[in-house]
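Colleague: First the structure, which I've put down as structure tokens, then a few questions once you've had a look.
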Amino acid sequence: LKIAAFNIRTFGETKMSNATLSSYIVRILRRYDIALIEQVRDSHLVAVGKLLDDLNQDDPNSYHYVVSEPLGRNSYKERYLFVFRPNKVSVLDTYQYDDGCESCGNDSFSREPAVVKFSSPSTKVKAFAIVPLHSAPSDAVAEINSLYDVYLDVQQKWDLNDIMLMGDFNADCSYVTSSQWSSIRLRTSSTFQWLIPDSADTTATSTNCAYDRIVVAGSLLQSSVVGPSAVPFDFQAAYGLSNEMALAISDHYPVEVTLT
């Protein structure tokens, strides 16, 4: 079972109406049985509808989807979108994490996680949750630390230990420095395995930053992970794209992992 998190820069109608870009996005996403797409800027779900039409071009049931409401503290909103193959997994439940009072200024996240619980008959772990996060870069340390609270909430709500937390955490370079990791519970607690190392480069730009991460908790989920399968997918190299074309698709690579 192949899972990925992909921050597709400004994913919306403009990008999906470009035949070249949309065909590469579909080609990338078809690698996966579950894909989280972040930075979905699509208030009326027009781009999401087009994406699903394209993914299901050959078979109307290749992919289904779950999408969050538009999330954000001001007029700038993003959605979390999951596309998945229903012949491999099914959605058991979803909920929007409540991170506090936005208007009071004491909420924990710019885009609070929209959590999904999947059933997966073909893997060792039969049910697991995915917690998505696209952090606000300037608050990355605090937001990644707050994912620990989301983990506890999911664990309690669904009586579930097998939880994957993933997305563009902005977890490197100037946003999270080496001295700050010690203040991040998601990192210091032995409950969690960080599958994408700090040395990884998840950016399609000239920077070398491990912004995008996959973190797993729960013994069944951790034992289902195929050893070295957690890597960024460098679509530029894989498809022989120019820098310009790669960046037109996104400034991030997907991060992926395989479960058995």
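Each residue, glycine too, has its Cβ placed from N, Cα and C.
Sharing the features that Swiss-Prot gives for it:
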ACT_SITE  E78  active site
ACT_SITE  H134  active site
DISULFID  C101-C104  disulfide bond
DISULFID  C173-C209  disulfide bond
CARBOHYD  N18  N-linked glycosylation site
SITE      E13  site 'Involved in actin-binding'
SITE      V67  site 'Involved in actin-binding'
Colleague: Comparing the recorded positions E13, V67, E78, C104, H134, which residue's C-beta has the most other C-beta atoms within 10 angstroms in this structure?
Modeller: H134
Colleague: Of all the disulfide-bonded residues given, C101, C173, C209, which has the fewest Cβ neighbours within 10 Å once its own Cβ is left out?
Modeller: C101
Colleague: Check the DSSP secondary structure of E13 (site 'Involved in actin-binding'), expressed as helix, strand or coil.
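Modeller: Where E13 (site 'Involved in actin-binding') sits, the three-state DSSP reduction gives helix.
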Colleague: Rank aside, I only need the closest one: which of the recorded positions E13, N18, E78, C101, H134 has its C-alpha nearest to that of C209 (disulfide bond)?
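Modeller: Among E13, N18, E78, C101, H134, H134.
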Colleague: Considering Cα atoms only, can you say which of N18, E78, C101 is the nearest neighbour of C173 (disulfide bond) among these recorded positions?
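Modeller: Looking at Cα distances from C173 (disulfide bond), the smallest one goes to E78.
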Colleague: Report the same-chain neighbours of the residue listed as 'N-linked glycosylation site': residues 6+ apart in sequence with Cβ closer than 8 Å to its Cβ, ordered by sequence.
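Modeller: Long-range Cβ contacts: A248.
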